[in-house]
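Annotation source TrEMBL lists transmembrane segment at 26-50, 70-86, 136-154, 197-220, 241-264, 276-294, 306-324, 330-348.
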Amino acid sequence: SQYSAVDTNPLSVYIMQPIWNKIIKIVPLWIAPNLLTFSGFVMILFNYFLISFYDWDYTASGTSPGLVPTWVWLFSAFTTFCAYALDSIDGKHARRTQSSTPLGELFDHGLDSWATSIFVLSFFSVCSRDNGKTGVSVYTMYIYLSIVLFNFMCSHWEKYNTGVLFLPWGYDISQVVLIAAYLLTGTVGVEVWQKPLLFGYYITDVLVILLIGFSLFLSFPQTLYNIHRAHLKKTLKNDSLYEGLLPLVSPLLLFVLLTVWVVLSPSNILAKQPRLFLWMVGVAFSNVICKVIICQMSSTRPELFHWFLFPLALVVYAAISGLLGCMEEVVLGVFTALVTAAHVHYGVCVGRQLSEHLNIYIFSLKKRVQE
């Protein structure tokens, strides 16, 4: 299917696009678009691990403000901008070099589905977790991450049904806000997040309220409206309601299972290991959504239950029933490692299959020699 996307966000159309059009001119024509996409993702990952090194349990900003060096925040602003730029020009570069392929589209959206959670997890280090005076509780972090991932899921569920990706307004706005937040933290210090901004509200409160407002009153209604409009125009990809709602089953069950674990965990797992738990949430979600993206691109039907749900259900049952006892953290660690390995393996396999099928290399514009 031909890729089609619609971007109506004024910030993107009037400010960012002209910048990308300038930047794209300096990219050499021999560079493969997927290399741009992948470089951006690697920068986000590297930045995430760098912040994790200084602030594993999300307390650095709240308890000892100097723990994360200033250069780390400035570096975060730099990597976030680079990743944002690379993610915005990869498609333009593909059109320039006439190398747009389904592999590129999948590569871009697949990495985006993972990067989305990593952006959020890096940002939590700025506001730090609740220490009684300032910061955000780990439960707010979990809800915040879930809302962002819900938004991502909605735009791809919408594409599954309409065939068109309506780029969510939240994307450009969130990237600009992230870069500004890192710059602010780097120049003023983390203390800026610990003083009330307006009427006793902190900047973090304002951002959470904005995010929830944006999602519930802008993104989600827009998704439903676009699907409804396609239904009226009779351009919907799926005739039955069941088919149309199918891609939502696994992500929603994933969310239910994870939330049950968070709420009923005997050792309060989210408070003990927020970084591990939230990372696992992001990876599991990314894998589930990649399957939906592939189904949408290949016009195939997604399976009702994603395979991750079965081992997860077992682990959650063992945890909340007290079977794991004091082993809950260890099991979370092992499960997180396995889910991450499975996701990377899945990505590599799909990439290989597509590159062989389409007779192209992933990171080079040279054509493969037919065997």
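Residue positions begin at 1 at the first shown residue.
Cβ from N, Cα, C; glycine included.
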Please work out which recorded stretch in 26-50, 136-154, 197-220, 241-264, 276-294 has the most C-beta pairs separated by under 8 angstroms from the transmembrane segment (306-324)?
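Top-ranked stretch among 26-50, 136-154, 197-220, 241-264, 276-294: 241-264.
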Mind checking which residues reach the transmembrane segment (26-50)? Cβ under 8 Å, same chain, six or more beyond either end.
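Same-chain contacts beyond the flanks: 72, 75-76, 79-80, 82-87, 89-91, 93-94, 96-97, 99-100, 103-104, 107-108, 111, 114-115, 118-119, 121-122, 361-365.
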Mind checking which residues of the chain, 6+ beyond the ends of the transmembrane segment (136-154), have their Cβ under 8 Å from one of its Cβ atoms?
58, 112-113, 116-117, 120-121, 124, 127-130, 168, 170, 174, 204, 208, 211-212, 215, 219-220, 223, 248, 251, 255, 262, 270-271, 274, 277-278, 281-282, 285, 289, 292
Test of understanding: applying the rule of at least three C-beta pairs under 8 Å (pairs 6 or more apart in sequence), is the transmembrane segment (70-86) touching the transmembrane segment (241-264)?
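The transmembrane segment (70-86) and the transmembrane segment (241-264): touching, no.
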Under 8 Å between C-beta atoms and at least six residues away from its ends: which parts of the chain pack against the transmembrane segment (276-294)?
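Contacts of the transmembrane segment (276-294) (Cβ under 8 Å, skipping residues fewer than 6 from its ends): 106, 109-110, 113-114, 116-118, 120-121, 124, 141-142, 145-146, 149, 152-153, 156-157, 160, 247, 250-251, 254, 258, 262, 269-270, 300, 302-303, 306, 308, 312, 332-333, 335-336, 339-340, 342-343, 346-347, 350.
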